[in-house]
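*Asks:* Here it is, the structure in full.
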Amino acid sequence: MGTALLQRGGCFLLCLSLLLLGCWAELGSGLEFPGAEGQWTRFPKWNACCESEMSFQLKTRSARGLVLYFDDEGFCDFLELILTRGGRLQLSFSIFCAEPATLLTDTPVNDGAWHNVRIRRQFRNTTLFIDQVEAKWVEVKSKRRDMTVFSGLFVGGLPPELRAAALKLTLASVREREPFKGWIRDVRVNSSLALPVDSGEVKLDDEPPNSGGGSPCEAGEEGEGGVCLNGGVCSVVDDQAVCDCSRTGFRGKDCSQEDNNVEGLAHLMMGDQGKSKEDNNVEGLAHLMMGDQGKEEYIATFKGSEYFCYDLSQNPIQSSSDEITLSFKTLQRNGLMLHTGKSADYVNLALKNGAVSLVINLGSGAFEALVEPVNGKFNDNAWHDVKVTRNLRQTSGIGHAMVNKLHCSVTISVDGILTTTGYTQEDYTMLGSDDFFYVGGSPSTADLPGSPVSNNFMGCLKEVVYKNNDVRLELSRLAKQGDPKMKIHGVVAFKCENVATLDPITFETPESFISLPKWNAKKTGSISFDFRTTEPNGLILFSHGKPRHQKDAKHPQMIKVDFFAIEMLDGHLYLLLDMGSGTIKIKALQKKVNDGEWYHVDFQRDGRSGTISVNTLRTPYTAPGESQILDLDDELYLGGLPENKAGLVFPTEVWTALLNYGYVGCIRDLFIDGQSKDIRQMAEVQSTAGVKPSCSRETAKPCLSNPCKNNGMCRDGWNRYVCDCSGTGYLGRSCEREATVLSYDGSMFMKIQLPVVMHTEAEDVSLRFRSQRAYGILMATTSRDSADTLRLELDAGRVKLTVNLDCIRINCNSSKGPETLFAGYNLNDNEWHTVRVVRRGKSLKLTVDDQQAMTGQMAGDHTRLEFHNIETGIITERRYLSSVPSNFIGHLQSLTFNGMAYIDLCKNGDIDYCELNARFGFRNIIADPVTFKTKSSYVALATLQAYTSMHLFFQFKTTSLDGLILYNSGDGNDFIVVELVKGYLHYVFDLGNGANLIKGSSNKPLNDNQWHNVMISRDTSNLHTVKIDTKITTQITAGARNLDLKSDLYIGGVAKETYKSLPKLVHAKEGFQGCLASVDLNGRLPDLISDALFCNGQIERGCEGPSTTCQEDSCSNQGVCLQQWDGISCDCSMTSFSGPLCNDPGTTYIFSKGGGQITYKWPPNDRPSTRADRLAIGFSTVQKEAVLVRVDSSSGLGDYLELHIHQGKIGVKFNVGTDDIAIEESNAIINDGKYHVVRFTRSGGNATLQVDSWPVIERYPAGNNDNERLAIARQRIPYRLGRVVDEWLLDKGRQLTIFNSQATIIIGGKEQGQPFQGQLSGLYYNGLKVLNMAAENDANIAIVGNVRLVGEVPSSMTTESTATAMQSEMSTSIMETTTTLATSTARRGKPPTKEPVSQTTDDILVASAECPSDDEDIDPCEPSSGGLANPTRAGGREPYPGSAEVIRESSSTTGMVVGIVAAAALCILILLYAMYKYRNRDEGSYHVDESRNYISNSAQSNGAVVKEKQPSSAKSANKNKKNKDKEYYV
C-alpha cells in the first residue's frame, strides 16, 4: 500500500502532500496510527469552552489507547478520550479543578469497522455520540461553567517533549496512556473540516487495509481493495455493507459509476478514473490524478481579501448582447462575485443576504433582479450555477405612429431552474466598459456603482466566463494561466478549499464588547454587518479621533473629536458622524428594528456624502461643513465600551455611550472596507466575557419565571430578563441586593466630583427619597463654569424638576430660561417615593412612583448639559444660582445617574471622587435640636411667610402638659398658634373669618419625653392638614384664603404679659419647656439661635433632656414615678408612705385600747359623687374583727364604703344603690402585728383589692354588653333624674355605678361597734390625705377617743408638692376613671408583683364655675378620656381559678310611686333620644396611614414608669378614649 510517512516537521510535509493529493478528507483519506511510541498528530486548538462540537470517524481493532486529548497547559481544565475496557470509549473532563466527570460507552468500537464519533460541549455538560445508536452525557460539578483551552487538539498520542514536561500537562496520567492504533479521518470542528498542523510517526492513507475478521465491509474477492470503491465510506447496516459515495464523485452501490453532477473537488476527475494494478499501489487521492482527465475546470478560492482584476483598457467591451456564466459555492450571505463598468454603464453580480443579485445599468437607469431559492439560501456550501444573458429585442410602440423600438431583454437563472427576466430601459442598449473586470471582489466594493454589498466574496468560484458576439473571456482560466492583463490580488488557491465561516456572536450583557483595530477611513470607507436583537437600546459601533480643543473663545474647554457611531435607541437605528465641521445624525429606517429578525446594515461614505442602508432601504446623507476627512485615532468598538473609559471622549450626540447602553444581541458578517472580520476569533483571543460564539433565540420568555425579586419590574430582553429595580430599594441583576440608604439632617451632603467635565444631551436619573419636609434639594448636577443644571427638589410637597441650559457662554439661540416640571403631591409623608427623569435632547419626562408621567419640551436649539458635579442634600456649587434650594432632611436611596448607582459606588469605594458627610444607613433624624430650659424662654424670628399656602414641620420632645410652641400675629385678627394643651397638640388660626381650632390626633398625650414629628400645612384651597407622627387630621375652611402675618414669629413662647391678650381659643398661659428640632418654616430652615432677632431665657443647642429619668426602682413601695423636664417626682398616694421617693413613713396614728375615731366631714355644698374611688392605708394590728375606714353618703341615701377586718382577713363592702357588694383577700392573714398596706379601687360596680404585694383580687359585676353605651348615655341625663333611672335600670338587672353625695369619712370604727386597735398610716382617699389633715388640725376633722399621733407630720414640702402636682393635672370629668393597680391576675400560681398606677385622677363629680350652679346637676362640661382602663373583664372570659364567684345583683326593688314611674318613662324617652343622637353623630373623618412607620422612637421612655393592663383593660380604655373631646347636651 502506498503511504506518505509524516515525520517531525510534518507541517510542511503534510501540507505538501495535501496540495499534491487534494483535500484529504474530501475523498475519505485518513490518518493511520501504527501504535508506535512517539506517534501523535496535532490539530488546531478546539475552543471547547462553551457550546461547540467536534466529530471524526474511527476504525480500530485495539482495545486500549489514547484517542484525543487537550487541556489548559497545566492548570485545571482538560478533556481526554481513550479506548479502554474491551474497546469501549471513555471520556473524562474537568473544569476549574473540579472532580473530573467520566462516562463510559456501552458499545465497543474495536470491531474493525468505521464508527462516527461526535463530542458536544455545552458548558458544564459534555455529550458523547457513537454512530446513531448511543449518546451519553455527563456534567462536572464546577463553580465555573466555561472550559479554558490553551493547547492544540492532540489525536492518537502526545509529542515526546510534551510527555516529558510534566508541568505542561493538566492530567498527569495521560503520559502513561498507550498510543492509539488504527485509522482516524474526517476530523471536523463545528461542521468545518480541521486539517492537521503537524505530526510524528503517522501515515496518510486513503483506505485502511483489511484486518480480517469477516466484516461485510472488508475485502471481497482476492485482489480487490474492499466493498466501496473510489474512496467510498462503508458502514454496516443490518449486517449488510452500505457505501456512502457522497464525497467521491461517483455513485452506485459500490461507488463505481461516474457522477456527471460532480461537486467539490470531483470535477477534477475526468476520463478513466478506475483503479489499475499497474499504479504501483498508489491509493488515496493520488489515483484520481491518473489517466485521461478530459477538460480541466478552473476553480479559485476567495477568502474575502482576494480578487481578480482583468484590464479592459486595451480592448474595451462594446456589446448589445452578452452572456455571463459562473458557478459558486459559499457559506457567506453577502459578497461581490463579478463587476465591470463604471459610472452609469456597468454590470454587477453579487450574493446578497443569501440571494443572487444582478444590477445592470446601460445609462438610462438600473435594472435590478434578485433571485431567491424557494427554501433556504444559496449560501449552503453547495455548488450553484448562474447564467446571465442580455439580448437585443425589437418591440412595437403604440402612439401617433407605429414605431419599432429596441430593448434589452435580461435573463438571470440559477441552477437552470430559478429564472428572472426583465428589460432595460429604451434608448440605451449597449454595454460599454473600458475599465476592469473584477471577479471575487474589488479594492473598494462599497464604492462600485450599483453595488448592493460592500464586502468581497468568500468561497469558491468556478468557470467565470464572459462572452459576447466578439469576445470570450474565460476569466478563471486567464487567472490561473497568468494572463498579463489579469492581475491577482492576494494569495489565491486554484482549487476549492473550505473557507472558515464568519460565525455569528452574541453579546449577552450590556458590558460585553470587542475591540477592533483602528479604522483608517479618512476619505472613503465602508462597513457592513448583520444584527439581530429584541432590545430597544444599544451602542453597536463607535470610534473617535484625537481630542482637540474648541476654537470658540467663549468655550475654550469644550473638546471636539471626529467620531463615527451606529446605535440603537428606542428600537430605531441611527448613524452618527462628525468629521470636524458638524455632526450628522440619521435615522436609518423609520420602522423599529428590534423585532428579533436579522437586519443587514451597509454603511458607505465618500468624503462628505454617503449612504446607510438597512436591508434594501437606502438612506443618503451629506455631512455639514467643508471637512471631508474622517480622522479616527482610537480602536473601533463593537457591541459596547470598556468599563475603564478614562481615555475615551464621548460626543454628546452619542446618547447610548453616555447612558451606558451596551448592545445585547447577535452580530454576524462584519466587513470593513470589504475585508471580512472574524469577530468570533477576536472574541476568543481577547477572552471577552459575555460574548458567546453562536446566535440562537430562546422561545421561552424569561420573565415568565418571575426572576425579579422584591417587586422589581421585569422586561424580556434578548435571551435574558431585565429588571427595573428603581422603585424597590434594591439593586443587582435580579433586585436581590439591598441598596444603601443615606441619611441627611439638613447639614449633610454627598458630592460626586467627576474626573472630567461632562457634556450630555440625554440623561436617565432615578432615586428614592423619604422625608417629612415639604422642601429640600434631592439631586442636582452643577458646573463650575456655567449655570447648567438638572435639579430635582421637593417644593411644597411636590417633586420639581428644573433643567437649565446656559446659552450665554456658547453660540446658541438664547433659551427662555429654565424648564420646570412638577409631579406628585403630599410627598412629605415620611414614606418612600421613587422619582424617575428621562431626557432625550429637548424632550423631558418626570415620573413619581406609579403616577402618570409629566412631559415637556425645552425651548431653543441648545440641548447640551454641562456639569462637573452631582450633588445631593446641599448644593455647594452656588456661583451661578439665583436662589439656593432648601437643604434636604430625610433619606435617599438608589440614586442612579446614567446607569451609575452612585450611593453604593461611593460606599463600596468603587469610585474615589466621592465626598460626603451624610451618614450611611437608615437613622432617625433630629436636625439642629435646641432646648428651651424654662417655660419663660423663647426666640423671635422674622415674620412667617405663609400668605397663600403654608408648610410647617418640626420635631419636639417634652414632659410638660402645656406650652406655647409657635405664635405669629398679623393684620386684623389674622394669627397662627401651635400649642400643647394637656399633652395634645392644638393648631389655632384665623384667616379673617374667625378663629378655628384643629386638634392633632394622637393615641396618647405627647408629653412622654419622646420625639414627635409634626407637619402642619395649608394649601391654596384652604385644606388644613395636621400630621402628628403617623396620624393625620384634615379640615377645610370656607371664606378668606390668605394668612396676612406682620409681626415677629415667636418660637417657644411669648413675653409674660402677652399671654393675657392671646386669642380666646388659645389655652397657653406659659411657654414650651423641652426640645425643638428640624424646624422648617415654609421651606426655610432657620437656626433658632443664630437667626433669632432676640432671645429670652435659657436656650441651648442640643437636647439632653432630663438629667434624671424614671427607672423601675425610682420610687419605693410601689410609688409611681412622674417624669419632669428638670427631674422626677414620686406619687406616693397609694403607698401609705411619703417623702421624695416614697420611702418615708406616712402620717401615723395609734388607736389605743377602748377605741378612738377620726372623722372628716365634707362641707354641705361640696359633697362629691363619684363613679370611681381609690383608697389606700397602712396598718398593723392583732385584732380579728375591726372597722378601719368607712365612707358614708348623706343621710337617707344609704351609699357607703367600708374597709374592715373579719376573722383576721381584710375586706371591703360597698353599696352604691343596690345590694351590698363585698370583696375580700381570703389568703392573707393580716392580724399578725406586722405592717401591711391595703389598696382598694372601685369603678362602678367593678372593684380591686390588694394587700401588700399579693396578687390583686378583682371583682366583676354581672351585666351585659350595653354597659358602656349606657354609661355614655347616662351622661346626658340630669342628675336630679339619675336616681330614678338607676332604679329603673335596677329592675332591668343593670348595675348602678355612682357613690352619691359622700358626706363623712370615719377612721377607727368606733361608731360601728368594732373599734380598731393598732396603728394606721398614710390614709389616702380620692385625693384626700385625711391623717395628714388631722395632724395639721384641719377644721373639717374631729378626733375623739384614744387616738395619738406618732412622731411629726411628714414634710409638707414633699407631700404637698406631690399633691399639688397631682391636683394641677387633674380633670373632673365624669368620664375619667381610675386605673387599676395591677393587671388581671390568676389567683393561684403567680408570684406577687409591684404594679405602679398611672398618673390619673379620681373620678370625683363636683360643681364647677363653668357648669350650672345646681349642686345636684352634675352634667359634665367637657367629657374626656382618662386613665388606662376600667377593670372590667373581657366578655366570655372564664373566671380565674380561686377567685371569688361573680355575684348577680337582685332585681327586686321597693314599690314605685306613680310619679316616679312617670318620671322614669320620661327618662326612657330622653335616653333613647340620646342614644340615637350618639349613634348618628358626625365625628368628621380623616385618613390615617399606619402601614409604614420608618422613623421609630427606639429609645426607651424615660417618663413615668407605668405598666398597662392586659388586653381586657386596654380595650375598655380605647373605647373610652374615642369619645374624648365630644360634648353632649340634653
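Start at 1 and count along the chain as shown; that gives each residue its number.
Cβ from N, Cα, C; glycine included.
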*Asks:* Suppose a student reads Swiss-Prot and sees L805, R864 listed for Ca(2+) 2. Which of D788, D849, D850 should they find annotated at that same site?
*Replies:* D788
*Asks:* C666, C714, C723: which one closes the disulfide with C695 in Swiss-Prot?
*Replies:* C666
*Asks:* Looking at the disulfide bonds in Swiss-Prot, identify which of C708, C714 pairs up with C703.
*Replies:* C714
*Asks:* Can you match one of V1182, V1212, V1216, V1330 to the Ca(2+) 3 site that Swiss-Prot gives for D1199, I1298, N1300?
*Replies:* V1216
*Asks:* Which candidate, C217, C243, does Swiss-Prot give as the disulfide partner of C228?
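*Replies:* As annotated by Swiss-Prot, the paired cysteine is C243.
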*Asks:* C1110 pairs with which of C1095, C1121, C1130 in a disulfide, per Swiss-Prot?
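*Replies:* That would be C1121, the partner Swiss-Prot lists for C1110.
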*Asks:* Can you tell which of C408, C496 is bonded to C460 by a disulfide, based on Swiss-Prot?
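*Replies:* Out of the candidates C408, C496, the one Swiss-Prot links to C460 is C496.
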*Asks:* If one measures from the C-alpha of N190 (N-linked glycosylation site) to the C-alpha of D788 (Ca(2+) 2 binding site), what distance in angstrom results, rounded to a whole number?
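*Replies:* The Cα atom of N190 (N-linked glycosylation site) is 56 Å away from the Cα atom of D788 (Ca(2+) 2 binding site).
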*Asks:* To the nearest Å, how far is the Cα of S705 (O-linked glycosylation site) from the Cα of R864 (Ca(2+) 2 binding site)?
*Replies:* 41
*Asks:* Give me the DSSP three-state residue breakdown of the domain 'EGF-like 3' (1106-1143), ordered helix, strand, coil.
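*Replies:* Each residue of the domain 'EGF-like 3' (1106-1143) counted once, the result is 0 helix, 12 strand, 26 coil.
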*Asks:* Please determine which of the glycosylation sites listed here (N125, N190, S705) has the lowest count of neighbouring CB atoms within 10 Å.
*Replies:* S705
*Asks:* Determine the Cβ neighbour count for R864 (Ca(2+) 2 binding site): the number of other Cβ atoms within 10 Å of its Cβ.
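*Replies:* Around R864 (Ca(2+) 2 binding site), other Cβ atoms within 10 Å: 16.
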*Asks:* Give me the CA-CA distance between D788 (Ca(2+) 2 binding site) and N1246 (N-linked glycosylation site), in Å, as a whole number.
*Replies:* 74
*Asks:* Could you state the whole-number distance in Å separating the C-alpha atoms of N125 (N-linked glycosylation site) and L805 (Ca(2+) 2 binding site)?
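*Replies:* Rounded to the nearest whole number, the Cα-Cα distance is 56 Å.
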*Asks:* Would you kindly give the Cα-Cα distance separating R864 (Ca(2+) 2 binding site) and N1246 (N-linked glycosylation site), rounded to the nearest Å?
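*Replies:* Given the Cα positions, N1246 (N-linked glycosylation site) is 79 Å from R864 (Ca(2+) 2 binding site).
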